[in-house]
Amino acid sequence: MSSDGVTVIAHPLVAHKLTIMRRKDTSTKSFRQLLREIALLLAYEATRDLELTSIEIETPLTTMQAPTLAGKKLVFAPILRAGMGLLEGMLDLVPSARVAHVGLYRDPATLTAIEYYFKAPEDMEDRMVIVLDPMLATANSATAAIERLKQAGAKDVRFVCLLAAPEGVARLRAAHPDVPIITAAIDDHLNDHGYIVPGLGDAGDRIYGTK
Ligand code: URA
């Protein structure tokens, strides 16, 4: 994790897959598959500091002290609907994680986040909560989702996205300085409609083949 709380994953496979995802002629099928693949690599980075403890096990040859997770459980919290596109790859890596759903939509006029659904496990305070949204643009949704998850008890929160705008990173860090951000890339800027440039368009539309 970098010192300013923002980690950009520098890996040739991530860079290559992201380039394909950005292309406007990439199919829905390929986009969804690539997002799943990158999500697994983002999950790997986001869970890097999970604590380990040691247990004694028997291998076919001998006994040994072997590392095992110390017990802190995970919750993935996708922001509906585009966040669901990151969920599958995360669950590929951590199949036993719980899932909290945060339903927010962006008011097209004000770009503010409006909540329409929220459901989370009861023991949020004991879990590492990884909030998922492919695009960190204005940060309105991310900020509101994290606020809501903290109200539900979350204390150890991270935010994972595929692409971020510098404006979104700054706003999220200001609103929630305790929440590290993990992303595959930080792009140039936000346009007047709140889209990341150069970006990849509307992530939800590209995942689900809508317009
Ligand atoms: N949401 C998206 O899906 N794309 C953007 O560029 C910004 C927000």
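Every residue, even glycine, has its Cβ placed from backbone N, Cα and C.
Straight from TrEMBL, the features:
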- ARG81, ARG106, ASP133, PRO134, MET135, LEU136, ALA137, THR138, ALA139, ASN140, SER141, ASP202: 5-phospho-alpha-D-ribose 1-diphosphate binding site (BINDING)
- ILE196, GLY201, ASP202, ALA203: uracil binding site (BINDING)
- 8-210: domain 'Phosphoribosyltransferase' (DOMAIN)
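Where TrEMBL records a feature, it is marked here on the structure.
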| residue | record | CB count, 10 Å |
| --- | --- | --- |
| ARG81 | 5-phospho-alpha-D-ribose 1-diphosphate binding site | 18 |
| ASP133 | 5-phospho-alpha-D-ribose 1-diphosphate binding site | 30 |
| MET135 | 5-phospho-alpha-D-ribose 1-diphosphate binding site | 27 |
| ALA137 | 5-phospho-alpha-D-ribose 1-diphosphate binding site | 26 |
| ALA139 | 5-phospho-alpha-D-ribose 1-diphosphate binding site | 27 |
| SER141 | 5-phospho-alpha-D-ribose 1-diphosphate binding site | 27 |
| ILE196 | uracil binding site | 28 |
| GLY201 | uracil binding site | 15 |
| ASP202 | uracil binding site | 15 |
| ALA203 | uracil binding site | 25 |
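In this structure, the CA atom of ASP133 (5-phospho-alpha-D-ribose 1-diphosphate binding site) is 13 Å away from the CA atom of ILE196 (uracil binding site). If you take the Cα of ALA139 (5-phospho-alpha-D-ribose 1-diphosphate binding site) and the Cα of ILE196 (uracil binding site), they are about 11 angstrom apart, rounded to a whole number. Mean pLDDT for the domain 'Phosphoribosyltransferase' (8-210) in this predicted model: 95. Geometry remark: ALA203 (uracil binding site) versus MET135 (5-phospho-alpha-D-ribose 1-diphosphate binding site), CA distance 7 Å. Nearest in space to GLY201 (uracil binding site), taking C-alpha to C-alpha distance over the binding-site residues ARG81, ALA137, SER141, is ALA137. Contact annotation for binding-site residues (ASP133, ILE196, ASP202) versus ligand 1: ILE196, ASP202, each with CB under 6 Å from a ligand atom.
DSSP assigns ALA139 (5-phospho-alpha-D-ribose 1-diphosphate binding site) to coil in the three-state reduction, outside any helix or strand. Neighbours of ILE196 (uracil binding site) among the binding-site residues ARG81, MET135, ALA137, SER141, defined as a Cα within 10 Å of its Cα, are MET135, ALA137. Take ARG81, ARG106, ASP133, PRO134, MET135, LEU136, ALA137, THR138, ALA139, ASN140, SER141, ASP202, the residues named in the record as contacts for 5-phospho-alpha-D-ribose 1-diphosphate: the widest Cα to Cα gap among them comes to 17 Å.
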